[in-house]
Amino acid sequence: MRPSGTARTTLLVLLTALCAAGGALEEKKVCQGTSNRLTQLGTFEDHFLSLQRMYNNCEVVLGNLEITYVQRNYDLSFLKTIQEVAGYVLIALNTVERIPLENLQIIRGNALYENTYALAILSNYGTNRTGLRELPMRNLQEILIGAVRFSNNPILCNMDTIQWRDIVQNVFMSNMSMDLQSHPSSCPKCDPSCPNGSCWGGGEENCQKLTKIICAQQCSHRCRGRSPSDCCHNQCAAGCTGPRESDCLVCQKFQDEATCKDTCPPLMLYNPTTYQMDVNPEGKYSFGATCVKKCPRNYVVTDHGSCVRACGPDYYEVEEDGIRKCKKCDGPCRKVCNGIGIGEFKDTLSINATNIKHFKYCTAISGDLHILPVAFKGDSFTRTPPLDPRELEILKTVKEITGFLLIQAWPDNWTDLHAFENLEIIRGRTKQHGQFSLAVVGLNITSLGLRSLKEISDGDVIISGNRNLCYANTINWKKLFGTPNQKTKIMNNRAEKDCKAVNHVCNPLCSSEGCWGPEPRDCVSCQNVSRGRECVEKCNILEGEPREFVENSECIQCHPECLPQAMNITCTGRGPDNCIQCAHYIDGPHCVKTCPAGIMGENNTLVWKYADANNVCHLCHANCTYGCAGPGLQGCEVWPSGPKIPSIATGIVGGLLFIVVVALGIGLFMRRRHIVRKRTLRRLLQERELVEPLTPSGEAPNQAHLRILKETEFKKIKVLGSGAFGTVYKGLWIPEGEKVKIPVAIKELREATSPKANKEILDEAYVMASVDNPHVCRLLGICLTSTVQLITQLMPYGCLLDYVREHKDNIGSQYLLNWCVQIAKGMNYLEDRRLVHRDLAARNVLVKTPQHVKITDFGLAKLLGAEEKEYHAEGGKVPIKWMALESILHRIYTHQSDVWSYGVTVWELMTFGSKPYDGIPASDISSILEKGERLPQPPICTIDVYMIMVKCWMIDADSRPKFRELILEFSKMARDPQRYLVIQGDERMHLPSPTDSNFYRALMDEEDMEDVVDADEYLIPQQGFFNSPSTSRTPLLSSLSATSNNSTVACINRNGSCRVKEDAFLQRYSSDPTGAVTEDNIDDAFLPVPEYVNQSVPKRPAGSVQNPVYHNQPLHPAPGRDLHYQNPHSNAVGNPEYLNTAQPTCLSSGFNSPALWIQKGSHQMSLDNPDYQQDFFPKETKPNGIFKGPTAENAEYLRVAPPSSEFIGA
């Protein structure tokens, strides 16, 4: 009988686990890993060889596993041995077809790529559909820290089937970035035996092994099956073969031979016999996630028992008993620095203001030190400023000088050379004039202050011309010299009798060997005893604090655990075992602060002790596993079952009572406030006087409509992106009571978002609800759930920046100039509405169709008041490289600062998505702008286009063009695009169909996106009439847009009647006046029904267009046809399809009143933009009340854009 697929999978898991457990006893081969990220090491061949040398036969990677720049024909079979990675795994920029990480079990994530990702698979593709296709990580079952990122892997198979929730910890799931492309035709399908269709590749062996999401509720982490008895030990990672800590496939923390442990066996154990910490013969060092008896070669041991490659700060490396260890430095760690005349100071005369910082933390000077008068005067020739005397304190760390010390200048108000108070030795290997190793000449000091100087190995000493210097003659210099022929020249200093007259003599506590100054710490040696570096008369043996004992004429402090005795000695020597009486407790011969509690002892047992009435520590009973308070078993019960449980119960009851009291107090407070408000409201309603406005602004009221949606009215389909504010979803809006689906983008704040973030998203909703323009993204609605959600129109082509980067080889001059016109129109509309955008960039322009773009992202936009001309920002993150200079320096934002950002946006388009000021830090932008530097002229731009950009970047904001002027300039250029933009092969370029866009495919590849209605179409009234003039927000037209282009105008809307939505705007969107239409577009594709004027459309055969509302118009001309751009001087009459030659065939009887059809020359429209009031409504009427058609010569009135819907009909 053949075993089932599930049985075979289980058997395979068991065999793998047994092999891993058996192999755990063997020492695994480790390798360091790399941290090169995306850096290429030499040629492709050199890079690959470096990779092969690093990971050949490697099983554990201590650092990061980075597989980059591997070409198609290279063999990566040496990666099969890798089982564990301590850092992150980066697989990027490869064209090799298969990367066999078949035995990789765990990624620990001790270091993360971009501080977020433990596994990053990025841009693994080449030309001609080559690249990474297979990544069989069939044994990867655990990522301890970090998330996963996939991006730009167009032919990588099966990754979309993996259940990452089983591998990644739940806390990191929100950081996942999964840009996966599915290729069912070319990729192998998962084996039918794979659980839930999850696999790493074709075949049963590549099925994903689930060890977390299938576990029973009783399991804390991993399991080997669905039963509660299949739970793994909590020390296990990536699964197990049994319930014990020795049955783990991989250890979560440390592996000690075949057992998983929380920590490695300690190096020291408590000995209850000697009352000391003894060396543990079973102790081990931690090396990565493994416990080892000794650290590998070239590693050093820390105090905590870890193997590291280098000691930390304040530690130095030393060898003891054949083991390299890290020892804590006594003071600053040794640091050798070059002296004057060596290395970087080769041509330097003296320590000065520019080089003094190089001596910071130096303990040894290799060479000489000179301090000359030029240091304090400065040097105008070399532009060296005077030295600040306080900076000489840097030299206090210097203990050794291998050459000589020359001091010919010193601060006048300093009385000694205390900057060198820690100098211990002057070796004199080089000498001034070949003679002197210490020279102090012409200073105003009273003492030398070299209190730590113990040796001058070679060279003479000269101390001369210091008119106030005393004490120098008291020093026994011969005792400091290293050779008998060394001499001193101490002359022309202050006379000895003058020094005695002013009491500049050695302290009485100094011995006859002399002193360096007047203080007791300046003595060369002490007359009596010393405490540290200072001479004292006597030690604190019987009185005083702290208590001391005498050793070699030095006062040594007693151990802190010794109890001070009244008029008696406190201790007899060093350590806690020489105390006369203990301050706290006594454990054997030692004084201790507390009795041992839970200290690791022999045989991995914890040692517990209690103190008796005499504060002597005694061992607890062997069965007392949590400590004791007395002898025997009865002492064990005091802590666990005595006061502990009642105290816990008391704490719980007390906490509950406190919560109840607080709740009652809050309730009473809210009740009281409600009553006060109610009374205040009643009193106000009874007032007869009305409050008169004191400062009317005269500004028109904002009558924008804000739609409040229920959460049941829309459905989230997939995540489009996430950030600090929250998450953006693709979804469908299904209005209540209507059978339509509208694709939308849903912007949702994170849980527990701050009140500031809530305010910011509501401010953004206010701005978006206040706008209504074809080239500005508008708000469809807002949902006020616990996390505020904004619902906007979905743009399936993504942002304009990504769009031009993806299609840069197919974008012609016409499209670029049209986009410039449309963005300028949108910004001009915002300026008319007194809105400052503050974040205009190509990334914040969305593509509705290739001919229609919209401005979005109003997160930084501000609405100016009636009297405001500019906005002053307070702080926050801002796009420096797109901002005007006044915005960077003074945080001033105006409509003219938006013009600057517009210029940068145009530059992004003309360079097909290049980064502005690439390689220049944002902190340097303001300085280079002030110096006159600007973005370079794009290669495709003529000087006409570039001069417009330059005008946008003028320092004087008033000198920049207005958006109205920019519309005129770019509209003129769009009528003759190849004159202003020079693109090779421009006449043959055309944008691909929507489905060729990667973003479009990823966005629309959902079965829920069928039979949808575009938001613009839903909001624009369908063919028919309003119920009454009172409900209409626009004047009634004789004809509206038809629902089909192959029928006469019909009065049919979605609900089968002639009524339209009351909240819809008539003539909401207009086609771009500069959009390009070819004869082929007109003859062979669907021509959209005019929305603004009554234009006729010739009937077409019934089968030519299945659903004209969703049909996409071709974007490229037919071969052999000349492309006709809109030109106001062309003869548009020659094409009768653009003229109003037909009358509506359906008129409701409710509109027979002539008054409803009488139009005046000045139309009062409720549209937001006065430009559209002027340009898109006829100003003349026929006697019969029907509007006249637009002037054929004016391209602004022609409907030449493709359909507004970007969705293809089913």
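Cβ coordinates are placed from backbone N, Cα and C, and glycine is handled just like the others.
If you look up Swiss-Prot, you'll see D839 marked as active site, proton acceptor, on the strength of sequence analysis. Under the heading N-linked glycosylation site, Swiss-Prot lists N128, N175, N196, N352, N413, N444, N528, N568, N603, N623. The phosphoserine annotation in Swiss-Prot covers S229, S697, S993, S997, S1028, S1041, S1044, S1070, S1071, S1166 and is backed by similarity to another entry. The phosphothreonine annotation in Swiss-Prot covers T680, T695, T1043. According to Swiss-Prot, the N6-(2-hydroxyisobutyryl)lysine annotation covers K747. What Swiss-Prot lists as omega-N-methylarginine is R1199, and the listing cites similarity to another entry. Taken from Swiss-Prot, the feature repeat 'Approximate' applies to 75-300, 390-600. Positions annotated as topological domain 'Cytoplasmic' by Swiss-Prot, on the basis of sequence analysis: 671-1210.
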Cβ neighbours of N128 (N-linked glycosylation site) where a neighbour is any other Cβ within 10 Å: 5
Integer Å distance between the CA atoms belonging to N196 (N-linked glycosylation site) and S229 (phosphoserine): 23
Distance from N196 (N-linked glycosylation site) back to N413 (N-linked glycosylation site), taken between C-alpha atoms, in Å: 84
Averaged pLDDT score, the repeat 'Approximate' (75-300): 89
List of residues, in chain order, with Cβ under 8 A from that of N196 (N-linked glycosylation site) and at least 6 apart: Q163
Of the recorded positions listed as N128, N175, N444, T680, K747, the one whose CA lies nearest the CA of N623 (N-linked glycosylation site): N175
Candidate recorded positions N175, N528, N568, K747, D839, pick with smallest Cα gap to T680 (phosphothreonine): K747
Between N175 (N-linked glycosylation site) and the residue listed as 'N6-(2-hydroxyisobutyryl)lysine', the C-alpha gap once rounded to whole angstrom: 17
Residues satisfying Cβ distance under 8 Å from N568 (N-linked glycosylation site), sequence separation of at least 6: L542, I580
Where K747 (N6-(2-hydroxyisobutyryl)lysine) sits in the secondary structure, as DSSP reduces it to three classes: strand
Residue, out of the recorded positions S229, N444, T680, whose Cβ gathers the largest set of other Cβ atoms within 10 Å: N444
Neighbour tally for K747 (N6-(2-hydroxyisobutyryl)lysine), based on other Cβ positions within 10 Å of its Cβ: 23
Protein Cβ atoms within 10 Å of N352 (N-linked glycosylation site), excluding its own: 24
Sparsest Cβ surroundings (other CB atoms within 10 Å) among the glycosylation sites N175, N413, N528: N413
Length of the line joining the Cα atoms of N528 (N-linked glycosylation site) and N444 (N-linked glycosylation site), in Å: 32
Distance [Cα-Cα, Å, rounded] between N128 (N-linked glycosylation site) and N444 (N-linked glycosylation site): 82
